[in-house]
Amino acid sequence: MPIITLPDGSQRQFDNPVSVLEVAQSIGSGLAKATIAGRVNGERRDASDMISEDANLEIITAKDEDGLEIIRHSTAHLLGHAIKQLFPNVKMAIGPTIDNGFYYDIDLDRSLTQEDIDTLEKRMLELAKTNYDVIKKRVSWQEARDTFESRAEPYKIAILDENIAKDDQPALYHHEEYIDMCRGPHVPNMRFCHHFKLMKVAGAYWRGNSDNKMLQRIYGTAWADKKQLADYLHRLEEAAKRDHRKIGKALDLYHMQEEAPGMVFWHNDGWTIFRELETFVRTKLKEYDYQEVKGPFMMDRVLWERTGHWQNYADLMFTTQSENREYAIKPMNCPGHVQIFNQGLKSYRDLPIRMAEFGSCHRNEPSGSLHGLMRVRGFTQDDAHIFCTEDQIESEVTSCIKMVYDIYSTFGFTDIFVKLSTRPEKRIGEDVMWDRAEQGLANALKHNGLEYEIQEGEGAFYGPKIEFALRDCLDREWQCGTIQLDFALPGRLDATYVAEDNARRTPVMIHRAILGSIERFIGIITEEYAGFFPTWLAPIQAVVMNITDSQADYVQKVVKQFSEAGLRVKADIRNEKVGFKIREHTLRRVPYMLVCGDKEIVENKIAVRTRKGTDLGTFSVEEFVEILKQQVRKRELTLLGE
């Protein structure tokens, strides 16, 4: 006689074992119809699963995040159902969920075309609209293997042989004649899987191992209703328009080429944005009492062995040799900062020491993972390391948190997600050290009133970390900032200070980055602003243009006044119609167009319009110089008149 406790604390008693769906039916027909699955004592279970003992139960519907994830997983099975009907000889591999959707890896004897994808999507919809029930059956390991052997599914057999114990009872999900194997849970009926779209096909190695066969990976997205799907597809369209690679080319910001994969060639305008970001961060370094340093580009392998990087990070490090010595090009700045700390005796009175660097780092990322500015091999980190005592940890982490939010708000990012990443399987240091480090970061977050999500096993090999993810205008998350606590590296590199009792102690090291990779951050803000950079970041802040040749000298005089005020302004005195010039510079996203005609010369003024087409009227040159200077000084996000 199980007693089921619901989230509101109410209880229901049943005479016999009861399924999740039956509990929902006892509450109401509306809830039963909406039931996708349940959470029994915190564990996700299928709607058909029986509950035989007292338990806490939450009903999962399409309104829940878990419900949407289950819909996506079941839509992957729907894809399997459809493709098996269209291509009976296809071999099915794996079909997990991913952010906003799912994929299925398949082994087919020919490449899928866009026409195939369209046909496949149509068949999926036809099947889903029959609203068939999904039947779950627990079977023995051998029965599952026999099932997939009879269906000639070698990848499913491999999963059973390599990943599932022989005394286990795998779950087989029956989608009419199609059978798939999965942990589940899945939707009880395909009426939940009507809103999806297949997105693309890519190559993927079985098990992610390049020694294995290349499979075809079909990506799709699935949502709970028609509006969610339409909104998502609209966001994708908008993201395509905002693609930093397209905008970077259109605005002549940078380029990349095959001879230097993952390395950026910054053009003048892109480098202007880069330097403005550095200048801004430097003002904050001064405000938060950091010293700026510069470490060497590469160091001897021996040092990287002492730090643990060689044992834990070698695959991502570029190396070179000279005079029978092996060097590694630095993938991060921390070992160099410890070397600077070690020069000269340090006292507890000197701590904390906050050491910052715009460090040029290189990581040998797989070529297939490179993506514009978002994933590169050569990048610049706005990196800092704080050497402090254990008693100073919380106050220093709190200061870092304040600095993170201070900087992000300047760019208009206020929706920030905080995650605490804990010890990974591959790590250095004792568990007691990790306990202290993880607790120290958790305490700082709690004392600052920040909600956070724990990411088990996602920390760096030398310490746990706080991650800050920005949510942009398209509802995407970008992980940028990190604060990492490190009790190990200073000791490995013999960093010490003289404590109050005259004993030599090892300092705690806090790693922190806010923008992260400056290259990547430029990619993020390029897409956030769609290339319409605020005045302080815009490579060209205003263009002064004439109407006829008679105003050319006046234009040059005006440009000189703006330039002398430290503003980035250029002249356009080409023999072109003023409307043509305005259109051209509008496409270049220049914030302000300053037009000079005969009337403006007489009045010693300029006519001002914005890149959005707003006519701001006329201003004296001195007046508008001050307006632009103020916009730059305050780092305002909007233009005048917006």
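Just so you know, glycine gets a Cβ as well, placed from its N, Cα and C.
Now, the feature entries from Swiss-Prot:
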DOMAIN    1-61  domain 'TGS'
REGION    243-534  region 'Catalytic'
BINDING   C334, H385, H511  Zn(2+) binding site
So if I draw a 10 Å sphere around the Cβ of H385 (Zn(2+) binding site), how many other Cβ atoms end up inside it? 28
Near Zn(2+): residues not in C334, H385, H511 with Cβ within 8 Å of the site Cβ centroid are M332, N333, H337, V338, D383, A384, Q484, D486, L489, M509, I510, R512
List, in sequence order, the same-chain residues at least six positions removed whose CB sits under 8 Å from that of C334 (Zn(2+) binding site)? T307, D383, H385, D486, L489, M509, H511
Here the 10 Å Cβ neighbour count for H511 (Zn(2+) binding site) comes out at 23
Can you tell me how the residues of the domain 'TGS' (1-61) break down into helix, strand and coil by DSSP? 14 helix, 24 strand, 23 coil
Coarse DSSP state, helix versus strand versus coil, of H511 (Zn(2+) binding site): strand
Considering every residue in the region 'Catalytic' (243-534), what is the mean pLDDT value? 93
